[in-house]
Amino acid sequence: MILVLLVLLPFLGAVATALVSRGGRDACAVTAGVATAVALGLLGALAPGVVAGEVVQASVGWVPALGLQASFFVDALGLTLAGLILGVGLLVVVYARYYLAAADPPGRFYAFLLLFQGAMLGVALSSNVLLLLVFWELTSLSSFLLIGYWRHLPEARRGARMALTVTGAGGLSLLAGLLLLGHSAGTYELPVLLQRREAIQGSPLYLPALLLILGGCFTKSAQFPFHFWLPQAMAAPTPVSAYLHSATMVKAGIFLLARLWPVLAGTEAWFLIVTTTGLVTMLVGAVSALFEDDLKGLLARSTISQLGLLTMLFGLGTRMGAVVGVFHLVNHALFKAALFMNAGIVDHEAGTRDVKGLGGLGSLMPVAATVAVVASAAMAGVPPLNGFLSKEMMLEEAAHTRLLGQAWLVPVVVTVGATLSVAYALRYVVRVYFGARRGEALASGQGAGAHHDSCAPPEASRGPEAGRGGGAAAPHDPPLGMGAPSVLLGALALVVGLFPETLAGPLVRAASAAVIGGAPPGFTLALWHGFTPALGMSVVALVGGAGVLAVHGGAEKVWRRLGVPDPAGWFEAGLGAAVKGSRKLTLAIHDGSLQRGLALLVGTAVMVGFVGFGGAKHTAGERPPMPVEMLTVLAWVLLVTATGAAVVMHRRRYLPLLFMGVVSMIMALAFIFLSAPDLALTQVSVDVVTILLLLLALNLLPQQSPPETTRRRRVRDAVLALLGGVGMGSAAWAVMTRERKTLADYYWTHAKPEGGGTNVVNVILVDFRGFDTFGEIVVLGTAALAIFALLETANRGEAGRRLAQWKPGRPLSPERYPLILIAVTRLLLPFAIVTALFMFLRGHDHPGGGFVAGLVVAIAVLMQYLASGFDWADRRVRPDHHALIGWGVLVAALTGLGALVFGRPFLTSAFWHPRLPFVGEIALSTAMVFDAGVTLAVVGAVMLALAQLASASKRAKQWAEKRERGEHGGAP
Amino acid sequence: MIAHALTFGFLCLGLAMACNVFRLVRGPTTVDRILAFDTLTVNAITLIILFGIRETSDLYFEAALLLAMVGFVSTVAYCKFLLRSDIVE
């Protein structure tokens, strides 16, 4: 259970941080820090056992109905990544406290950071691969939020979008791959799945699964050709880069490669794809890092290169390769996080991240310079630092690897890669901290506008940090809280290098045993292995790297002239084209013509109906028809007449509204006649509200519909209408003339004993199908909010221009608020409310219910608006309409959830029929509370729609009056 | 006796509603139509009551009550639209 708590802690911390966000940076940082530290403590408690080879497992029910368990396990590999996540996480929390400006909302930052931390922990510790996927997607989402933290910056939004698209697409690929994997293994539990190597590799699904899973891993870990999103993501605040883009998220892909190593690795396909991708990425990243001027961009590209190295190591498929991979994974996290923090400090102090605008900071910022030297040296693989150890072991592994039958290929490529990494590491240190001091440029901020190559976002080095730090003051070492994390990481890089066997040996051994799924090969972590080929390659790399830096200036000119392709730009262009294409396609299918849409809809329905009809038996029904009364015939004639009249007079828009009222009234009478009083009540009240809202809308619309149909279209519509109507009518006839068992009997017998009410309609609405009702009020509320949103912007753009030109189409009566109407409606208000209350209370047993009650209340209030004017009524209607909708949905949802507390299904109602003195038996039911929620939502939705429509015409009228005054004023 | 009275009532109401709809369709003015609509509402209320009496049930009474209480709102709104064009101002 500790394990579950461990994964939950960051999420709880995220909520807590969001709650204290008003407390400022300190409160947020402390909350986030405490959550992280406690989680780290829990992990530390588990660590000794895990390193000794124990595997801790825990699981809780996830979807028990499907047999899904949310299961977690921690072995040494998971422990390693989790340790990095929480350890570096804690340092980043501290660093960010000093890094964020006072204007940056700290609650949002830390909540997102902890959200990401929880997601990453989930990836590291999930035992069920489906659960792992959920967390994997969550890391993509939270990193999107973090990269786009400065949402006012276009490049931040662009970078966030690109990262989300690339890693999200990779996530989909991974989903498919893991499903195939789980299918061929017959299990989704990792500890079991990892034992089934033969089943997986023998399956025909192995290759597709491998390709899809690699798609996920390579996008996440920025492998060629998906590497381009990582430099774009540098628009994120630097703590985010230090955390996500060096230590954790980009390692998720590598982690998964390591995790699935026992079952996927060792085949020719794995070796070829993974090793080659790793090597190419290593070179591409290293070369582009060499010519990148933005400090963070440089580090991002070096990260790509180092990730390529890691991928290559796991791709080798040898046990020693896995050992080195695990070791370098940790080492890279240590020195790269330190370097990112260092770049942030430089940016903060000097006001720019442009290498060309920096120099000679070493004497001004001795501590930062020392950290940079140590961490860069580790990155370059200089003894005695940790990077040297793992790079040496990597070179040793590469030295005897044959790729494509060539013994020289891999050693040469990795030596070139190592040489380049020495060069870019040296460039970082030398150009920023040594050489001529460019103080003037820094102080005046000129450096910030320096030239960039096309790959870097042009504003990257002029990020929001620029100018917030140094300003006119000379750069100096940062405050303790900002400097200490990077110092600590740099120191770790050093001591791991000095005492590797003591500090890292046990963990690396245990973690690589977890990767391999068996005993690791014998090895010792040591600085000196004697004169080996690897040592020679190291020396070549160091000397060569220094040489490359010496000729860097000339090389850069050549590089610029080459015009290197810009995959990020291609991606954006491709995305733009896709958006354009889909818009075109949408417009071709759906051009906004309602007639056309309706014709297609009805046409499809007619076609489907007739196809179904063709395949059925065509016997007539046996049920005898009911006797026809004169009255029903008359009502039918009136109904048809009114409908026909509406069609004939449809151009004069007001008249169809009148006929709609008639049709609706006859429908209500029909409901009565067919013993459906509930429906009649609803019909009557819905009709009134509809007419009011339509009249309100009609005010701003043309009063006549222009003739715009061609003869051909009229014929088409007539045919469709005839077919549709005849089809629908005969279908209804066919159903009604047949005896069949219906659901009604079930409801009749169960309404009272299970729902506690005798009005079956109401019991169905609030109990049996309560979930549907809940969905409907949500839809109703959403529709009202959509009306609000659409009309709120109606005075802008094209609609606004037309609204401004609006004027009443005919002379108006001067009497705005007729006195008799005012008197009557005010008098009627309490009666209407009492009626509504009555309908509401009796609804469970007799016709009525929350929906009708809500409508009656709404009508009672609408009457006041109608009679006494908008301003008068609006002043007296206290509750906010939005809040009403919200409360309605909330009350309904909470009532439904209340049943869960008692272990019953959602929306099960409890009821109680107490007998009160004088009043008699009354029916109490939790369904009534649910019904109250329905009432609130209905009132809110109707009122919101009314208020918005009314205020739109009010605006139009004010403009018209203003225009008139202007004309009159201008005339004399 | 009551059966005959009811039949007579239904006959009258049916005739009245037919007249209403005739006026609604014919017009000639919009005010004629609104008046016809309002009369139709009144007739509908009566029809519901009579129907309740015939079925000897009080279940339908609420519908008549509701129609009586809110039915006039539509008529008022139709009229207000004619007078002021904007029904809520």
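Cβ atoms here come from the backbone N, Cα and C positions, even for glycine.
Unlike curated records, TrEMBL annotations are generated automatically.
Residues or ranges marked as domain 'NADH-Ubiquinone oxidoreductase (complex I) chain 5 N-terminal' in TrEMBL: A:66-110. Counting only same-chain residues 6+ beyond the ends of the domain 'NADH-Ubiquinone oxidoreductase (complex I) chain 5 N-terminal' (A:66-110), those with a CB under 8 A from a CB of the stretch are 3-4, 6-7, 14, 17-18, 20-22, 24-26, 28-29, 31-33, 36-37, 39-40, 43, 46-47, 50-51, 53, 55-60, 117, 120-121, 123-128, 130-131, 146, 149-150, 189-191, 237-239, 242-243, 247-248, 251, 255, 258-259, 326, 329-330, 333, 337, 341, 344, 348, 464, 468, 478-479, 481-482, 484-486, 488-489, 507, 510-511, 513-515.
Marked as transmembrane segment by TrEMBL: A:72-96 (among others).
According to TrEMBL, the feature domain 'NADH:quinone oxidoreductase/Mrp antiporter transmembrane' maps to A:126-402.
Look at TrEMBL and you will find A:162-185 (among others) tagged as transmembrane segment.
Per TrEMBL, the feature transmembrane segment maps to A:205-230 (among others). Proximity of distant same-chain residues to the transmembrane segment (A:205-230), defined by a Cβ-Cβ separation under 8 Å and at least 6 residues beyond the stretch ends, is recorded for 136, 139-140, 159, 162-163, 165-167, 169-171, 173-178, 180-181, 183-184, 245, 249-254, 256-257, 260, 264, 267, 269-270, 273-274, 277-278, 280-281, 284-285, 300-301, 303-304, 307-308, 310-311, 567-568, 571.
The transmembrane segment feature in TrEMBL is assigned to A:242-264 (among others).
Under the heading transmembrane segment, TrEMBL lists A:403-426 (among others). Long-range neighbours of the transmembrane segment (A:403-426) within the same chain, counting only residues 6 or more positions beyond its ends whose Cβ lies under 8 Å from a Cβ of the stretch, are 272, 275-276, 279, 282-283, 286-287, 289-290, 298, 301-302, 305-306, 308-309, 312, 376-377, 379-382, 391, 394-395, 533, 537-538, 540-542, 544-546, 548-549, 552.
The annotation region 'Disordered' is assigned in TrEMBL to A:445-476.
Under the heading transmembrane segment, TrEMBL lists A:480-500 (among others). Long-range contacts of the transmembrane segment (A:480-500) within its own chain (CB-CB distance under 8 A, at least 6 residues past either end) are made by residues 88, 91-92, 94-95, 97-99, 331, 334-335, 337-338, 341-342, 345, 348, 367-368, 370-371, 374-375, 378, 383-389, 525-527.
Here TrEMBL flags A:598-616 (among others) as transmembrane segment. Residues 716-717, 720-721, 723-724, 727, 731 of the same chain, all 6+ positions outside the transmembrane segment (A:598-616), place their C-beta atoms under 8 angstroms from a C-beta of that stretch.
Remote same-chain residues near the transmembrane segment (A:628-648) are listed as 655-656, 659-660, 662-663, 666-667, 669-670, 673 (criterion: CB distance under 8 Å, separation of at least six residues from the stretch ends). Positions annotated as transmembrane segment by TrEMBL: A:628-648 (among others).
Under the heading domain 'MrpA C-terminal/MbhD', TrEMBL lists A:639-703.
Marked as domain 'MrpA C-terminal/MbhE' by TrEMBL: A:713-792.
Feature annotation from TrEMBL assigns transmembrane segment to A:777-795 (among others).
Long-range contacts of the transmembrane segment (A:816-839) within its own chain (CB-CB distance under 8 A, at least 6 residues past either end) are made by residues 681, 848-849, 852-854, 856-857, 859-861, 863-864, 866-869. The transmembrane segment feature in TrEMBL is assigned to A:816-839 (among others).
According to TrEMBL, the feature domain 'Na+/H+ antiporter MnhB subunit-related protein' maps to A:820-943. Across the range of the domain 'Na+/H+ antiporter MnhB subunit-related protein' (A:820-943), the DSSP-based residue counts are 88 helix, 8 strand, 28 coil.
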Stretch of maximal Cβ-Cβ contact with the transmembrane segment (A:242-264) [cut-off: under 8 Å; candidates A:162-185, A:777-795, A:884-902]: A:162-185
At a C-beta cut-off of under 8 Å, are there same-chain residues at least 6 beyond the transmembrane segment (A:884-902) that contact it? List them, or none. 770-771, 773-774, 777-778, 781, 784-785, 908-910, 926-927, 929-930, 932-941, 943-944
Confidence summary for the domain 'MrpA C-terminal/MbhE' (A:713-792), mean pLDDT rounded: 85
